[in-house]
Amino acid sequence: MAYTNKVAVAVGAAVVFLAVVMNPRWTEAQTYPKLDRLCVMMIPDILEECFTHDRLKPTEDCCNDLKNATMTQVDCLCDNFLESLSFSDLSRTFSAGVLKKCDVSHKYMCQAAKNRGEAKGGRNSTTTCDNSITNTSVGGKNKVATSMSAFGLVAILLFVMF
């Protein structure tokens, strides 16, 4: 076998490792929906009033506030609370029960808001409001897995060489 300089091989392997791990195409910033001031101030109070107390029947204030929010703050309510991961901490059956008892049909409300936004050339959300969490960042998970497998390959090559 030919003589190889172990320092040069180690430096080359380190450069390849850093190029694979630090590739900027694989890192994407997570985007969050933009919140307006009214949404930030109004919606959390409604959610706290309606969903943090384990009642058999929601209060009249809760239902009135929810109905008002579904008419004036549909985008905020759907995008940031009903369809977001922050809302997933609440029991799905409990939250659906509160919305049903308040006679708020959120499944159709969110879909109608999405359709209105697309008709105006606005929102391009691909989520639906069926009380399920839709993850649109699946590609990011695959890129992390690819990066980790590349790291493993480089580590194996280093161990084989030395």
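Glycine too: its Cβ is placed from the backbone N, Cα and C atoms.
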- C63 has a disulfide partner in Swiss-Prot; which of C102, C110, C129 is it? C102
- Task: Could you tell me which of C50, C76 is bonded to C62 by a disulfide, according to Swiss-Prot?
- Result: C50
- Query: What subset of the recorded positions C50, C63, N68, C76 lies within 10 angstroms of C39 (disulfide bond) at the C-alpha level?
  - Reply: C76
